[in-house]
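Asks: One structure, pasted below without further comment.
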Amino acid sequence: MAPWSVAGVSQLSTSPSVPVSLVPSPGGEEGATWVRVALDVPLAGLFDYRAPAGARVGQRAIVSFGRREMVGIVIETPVAPAVAVEQVKDVVQMLDDLPPFPDDWLKLAAFAADYYQRPLGEVMLPALPGPLRKPAAYQGLRAAGGPVARLDARAARAAKPKRTRRKKDQAPDDERALTSEENVSASENAEATSALPPVSLPTLNASQQEAVEALSGLSGFKPVLLHGVTGSGKTEVYLRVAERVLREGRQVMLLVPEINLTPQLEQVFRRRLEAIAGTGGVAVLHSGLADGERLQAWLRAVRGQARVLLGTRLSLFTPLPDLGLIVVDEEHDPSYKQQEGLRYSARDLAIWRARDRGVPIILGSATPSMETWHHAQTGRYLLLSLPQRALAAEPPRIRLLDTRNVKLQQGLAPPLLQAVAQRLEKGEQSLIFLNRRGYAPVLHCDACGWVSGCPRCSAYMVLHRQPPRVPGGPGRHELRCHHCGWQQRVPMACPDCGNQDLQPMGRGTQRLEEHLGELFPGARIARIDADSTRRKGSAQELFARMHAGDIDILVGTQMVAKGHDFQNLGFVGVLNADAMLFSHDFRAPERLFAQLMQVAGRAGRAGTPAEVYIQTGYPEQPLYQALVRHDYAGFARYALRERESAGLPPFAYQALLTAEARELAQAQAFLAQARAWTERTDGTDSSQAADMSRITLYDPVPLRVVRVANVERAQLLVESDSRPALQGFLRAWAGVLPGLAATARVRWHLEVDPLEI
DNA sequence: AGCACGCCGACT
DNA sequence: GTCGGCGTGCTC
């Protein structure tokens, strides 16, 4: 990411609270003071209240706002309120169950608010565990002092029996008991003993050794790209560096894309790092946790009891008193970008945070994002490479199957089928990757041309056909819209002409599973996609069966690409990759390359030379050619050249204004007004610091799927070759957009650094 | 965003 | 006669 502007930070007052004696008196209680509070409301600005003496910046407060009560965070203690004194209400209750948030956390939130053009409160409050931002958690008899106090009390209770057993060597200290390391960890994980057996460390190969040494020599802020293919041992490098940082007494933040898909990683990190950080020294944070668990992990990290914080993007906003290292694993992964609310990139903010704290940050990937790779090439980031596979297994052989002159059998090329058959004979597993769930993408009437359109969206309804649970039983057939979730029964005949012979067009994973069953009657076939894993735990179950060798052929969507390595997987077939190659999105090739590398990497880790066949009608495409050579650098060179000549990121900076309304025209009208405003500003208005000469605004265009759930959408792309110019413009623009007349029946949002356009 | 207040249609 | 539609306006 480009030079960071820190302008937004100025909205934080760093001055200590003001001497109350010489100001417009807040009145009321003796020594009362004014506080300026951030609230989770979609309104720009902060809100002033009257608080008891001693209120501090960074402290939380329950305030009355309109007709409801909310939890806010004190950002300033101004000398006078910004509105008439009569309008200022009293704080309902200052909360002191936590120390005030530290300056660096407030600064991080302020930066994110400014960078992504959102109100400060909308950044800060959603970043906290749920109970800490609900006034209700502090009310009523049951609350007993709020969620933090309750949690601590529970931990103290749980620790009691242990304490009596060891009363000899530990004097009771009730103050300390609430937060002390041993008590909380005992409650969290009574099973895990602190006497872990010594872990035998894997031997590092030469390049791992070099990487660890280079990383150990770093002090202060430095972004490092750790580039290594699947199986090259990036995790071991993270671990060694993390261990070192822990020994220095500092905390480590490790971000992963999705924690549920990588339970092994969590196990490895726990085992290795708890040996240093102590039992309970590793906290795990992700959106799947219940409120209480999340609060507990967060508190442990905030209090410095947890020395390692392992988690998804939401962990980025956790205050860490002794942060010494940040690791972003799979840094290219799109799930680091939040797609609603504050649309932040946890990877980009992690880099900002590392700079702010003056600590190193490791970005790990086999297929880095073009942004990161570009920075590594220009020397802005340090590039460390792990070229070999650590386990000395041969990389999979990738072969392109030209589908232009081949007669496909149910969409499958003969060599692919032969490969599956061979692996079956050898008792090895096969994986067929098809990134399209359902039975067929559309149902079609040959007689009149009717297709299964969604009544609420401008999209096709997908045919789903679940095979019967018991042989001969009823299968579940239905049409489903993947955009809005609408479902209906499959019509027996064409709704338009009555033709009874409706045809499924194209192939999804369900149909593929069915075909493979017909082609390989003896084989054990399973499918992993969003449909087959809807039930909680069923994904784990299916992965376990695959690992146990109870599955011969696995059909899967991108869900199978992440995390899991299959020891006995000898063959990977890829279908329909071309669909992504020619997507409208300029980042599609980058995602396709990453995905194919990742899928290919699932196989052959244990030493079996694995094969990967990719069916394509365009084998000459540079992307596929680079893939066959396992040549990420070659692909990136080609992709970056294209980006540069087209003036696209990372050579330009973008923002996207999206509008939604019942009628497309309303959305378009809003965008037109938003655009027209920029023509009036033209740099002549000196109050707007925006340098319009460096800003390009494109025409508003409808989204490719215009209507979803009866809402029609359009968007307006803004581009600049200068990050500061774009930021300056967005700041001014975000200020006027809420006031535009056309906002009436329009919902809109502004996204900075959009991933998809 | 919530949550009110405020005027115009089909119902106990 | 009211319950309720969502239009508009405000929140320190």
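Each residue, glycine too, has its Cβ placed from N, Cα and C.
Unlike curated records, TrEMBL annotations are generated automatically.
When I checked TrEMBL for this same protein, it listed these features:
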| type | residues | note |
| --- | --- | --- |
| REGION | A:1-28 | region 'Disordered' |
| COMPBIAS | A:9-26 | compositional bias 'Low complexity' |
| REGION | A:154-201 | region 'Disordered' |
| COMPBIAS | A:157-168 | compositional bias 'Basic residues' |
| COMPBIAS | A:169-179 | compositional bias 'Basic and acidic residues' |
| COMPBIAS | A:180-195 | compositional bias 'Low complexity' |
| DOMAIN | A:215-386 | domain 'Helicase ATP-binding' |
| BINDING | A:CYS445, A:CYS448, A:CYS494, A:CYS497 | Zn(2+) 1 binding site |
| BINDING | A:CYS454, A:CYS457, A:CYS481, A:CYS484 | Zn(2+) 2 binding site |
Asks: Please identify, among the binding-site residues A:CYS454, A:CYS457, A:CYS481, A:CYS484, the one with the smallest Cα-Cα distance to A:CYS448 (Zn(2+) 1 binding site).
Replies: A:CYS454
Asks: In the same chain, which residues outside the set A:CYS445, A:CYS448, A:CYS494, A:CYS497 have their CB within 8 A of the centroid of the CB atoms that define the Zn(2+) 1 site?
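Replies: Nearby residues not in the site list: A:ASP446, A:ALA447, A:GLY449, A:TRP450, A:PRO495, A:ASP496, A:GLY498, A:ASN499, A:LEU502.
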Asks: List every residue in the same chain as A:CYS481 (Zn(2+) 2 binding site), at least 6 positions away in sequence, whose Cβ is under 8 Å from its Cβ.
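Replies: Spatial neighbours, sequence-distant, of A:CYS481 (Zn(2+) 2 binding site): A:CYS454, A:ARG456, A:CYS457, A:ALA459, A:MET461, A:VAL462, A:GLN487.
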Asks: Compute the C-alpha separation of A:CYS445 (Zn(2+) 1 binding site) from A:CYS484 (Zn(2+) 2 binding site), stating it in Å without decimals.
Replies: 23
Asks: When a 10 Å sphere is centred on the Cβ of A:CYS457 (Zn(2+) 2 binding site), how many other Cβ atoms does it contain?
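Replies: Excluding its own Cβ, the number within 10 Å is 21.
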Asks: In terms of DSSP three-state secondary structure, what is the assignment for A:CYS445 (Zn(2+) 1 binding site)?
Replies: strand
Asks: Counting other CB atoms within 10 A of each CB, which of the binding-site residues A:CYS454, A:CYS484, A:CYS494, A:CYS497 comes out lowest?
Replies: A:CYS497
Asks: Please state whether DSSP places A:CYS484 (Zn(2+) 2 binding site) in a helix, a strand or coil.
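Replies: DSSP assigns A:CYS484 (Zn(2+) 2 binding site) to coil.
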Asks: If you count other CB atoms within 10 A of each CB, which of A:CYS445, A:CYS448 wins among these binding-site residues?
Replies: A:CYS445
Asks: Taking only the Cα atoms, work out how far A:CYS484 (Zn(2+) 2 binding site) lies from A:CYS497 (Zn(2+) 1 binding site), in Å, as a whole number.
Replies: 27
Asks: Centre the Cβ atoms of A:CYS454, A:CYS457, A:CYS481, A:CYS484, go out 8 Å, and tell me which other residues of that chain have a Cβ in range of the Zn(2+) 2 site.
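Replies: Leaving out the recorded residues gives A:PRO455, A:ARG456, A:ALA459, A:MET461, A:HIS482, A:HIS483, A:GLY485, A:TRP486, A:VAL708, A:ALA709.
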Asks: For A:CYS497 (Zn(2+) 1 binding site), name the DSSP secondary structure in the helix/strand/coil scheme.
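Replies: DSSP call for A:CYS497 (Zn(2+) 1 binding site): coil, neither helix nor strand.
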